[in-house]
Amino acid sequence: MTSTRTETDTFGPIEVASDRYWGAQAQRSLGNFKIGWEKQPLAIVRALGIVKQAAARANMALGRLDPAIGDAIVKAAQEVIDGKLDEHFPLVVWQTGSGTQSNMNANEVVSNRAIELLGGVMGSKKPVHPNDHVNMSQSSNDTYPTAMHIACAERVIHDLLPALKHLHKALEEKVKAFDHIIKIGRTHTQDATPLTLGQEFSGYAAQVASSIKRIEMTLPGLCELAQGGTAVGTGLNAPVGFAEKVAEEIAAITGIGFTSAPNKFEALAAHDSMVFSHGAINATAAALFKIANDIRFLGSGPRSGLGELSLPENEPGSSIMPGKVNPTQCEALTQVCVQVFGNHAALTFAGSQGHFELNVYNPLMAYNFLQSVQLLADAAISFTDNCVVGIEAREDNIKAALDRSLMLVTALAPKIGYDNAAKIAKTAHKNGTTLREEAVGGGYVTDEEFDAVVRPETMIGPA
């Protein structure tokens, strides 16, 4: 039988497993919120550790916290930051919308670990109290939003942006490799005028580059922190200068330019910066969906599709059709993009629900944002390494499609007029003949004139 210790809160005593650092409120949450399997993201756990350490340092600097207690909190919080106490954060996403249970989970874990470091008895709340000391100058209402911003900014900066830059570099390499290959363009999924395969891939590279810039533009908002607003934004029970000092400490811990939000009422009641930042992530998903779709369609075949690209063959594709290989990386990426679209819909609605002085959809917003970041970062790397870098052009198929395209007639329009050029294309399509046969046979141009004008290599840029 598991040994327990007695923890207490304002509701009275409750038993907690002896080897767990959490306390009464986290234990009650385990019983009260048996909902789903989605746990608080470890990025949030780390961020809560950062907040607790920064708050202890700020409170000591402002003369509010006994240095002996503060130093123990700093050490215990560092273990949270380093991931050494992850197993002691068992709570699910689906809890109070302010994240109070998770904030108290952090307070209790840091308190009990600090007590242990000081040689005290876990659960005694002495000499380190979870509320009076670990949560000093804080409220869940400003702590969890601060942790959200820290976690989301860290993961965007350290995971998503590097992954997108990795993809961008690979696409740029394909732009150079394919620059000499002229192919038929397609608009409305129908034949259009020529371009190079490199030009086509340059569009993909530009989409990713623009996505990176858009996401970076949203970081200043994510780097504004609610800490110091306490319960409703007034800063009640926090000393003058605490908000600025704690933001300074968080910036020092993370190496990211976090600052104190200029208006704490907005920082608690609205999370527009989260919605805005995820909007850029959502736009990135839209871009990646388009890129993955184009690549898998251009690689369709191998004999009965467009067949302009040869995609890497990573695994068998069918349990019934021998030899079949599928564009699995494209399919995985597009599924991720769909999930991000759904996350954005939920996050947008949640962001609109700041009733009066507090938004109470915080855990949902944090979970969806962080899931989008992780999925897109992982998928971008997987797509790059297992698909993009190995893409090859099937130049024979590309040339065959170019040679039989009727849209090369566009080059004749300035010479013989739009209507005549249209007649040539329609007649050639109806009769199954070539543009040359109809243009020369119809007396519109001579063979020499046709050769001088209908040259795909001269049609890939301004005249």
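Positions of Cβ are set from backbone N, Cα and C atoms, glycine also.
The shown structure was predicted, so the numbers you read here are calculated from the model rather than taken from an experiment.
Counting only same-chain residues six or more apart in sequence, none has a Cβ lying under 8 angstroms from the Cβ of H188 (active site, proton donor/acceptor). Residues or ranges marked as active site, proton donor/acceptor in Swiss-Prot (evidence: sequence analysis): H188.
Secondary structure at S318 (active site), as computed by DSSP, is coil. As annotated by Swiss-Prot, active site applies to S318.
The annotation substrate binding site is assigned in Swiss-Prot to 98-100, 129-132, 139-141, T187, S319, 324-326 on the grounds of sequence analysis. Taking Cβ-Cβ distances under 8 Å and a sequence gap of 6 or more within the same chain, the neighbours of S140 (substrate binding site) are S98, G99, T100, N103, M104. Under the DSSP three-state reduction, S140 (substrate binding site) is assigned to helix.
The site 'Important for catalytic activity' annotation in Swiss-Prot covers E331. Its Cβ taken as reference, E331 (site 'Important for catalytic activity') is surrounded by 12 other Cβ atoms within 10 Å in the chains shown.
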Among S98, T100, S318, N326, the one of these recorded positions whose Cβ has the fewest neighbouring Cβ atoms within 10 Å: S318
Number of other Cβ atoms within 10 Å of the Cβ of D132 (substrate binding site) across all protein chains: 13
Cβ neighbour count within 10 Å of K324 (substrate binding site): 11
S318 (active site) versus E331 (site 'Important for catalytic activity') - Cα distance in angstrom: 14
Number of Cβ atoms other than its own within 10 Å, given for T187 (substrate binding site): 9
Distance check against S318 (active site) for the binding-site residues P130, D132, T187, K324, N326, keeping those with Cα within 10 Å: K324, N326
Three-state secondary structure, which DSSP defines for E331 (site 'Important for catalytic activity'): helix
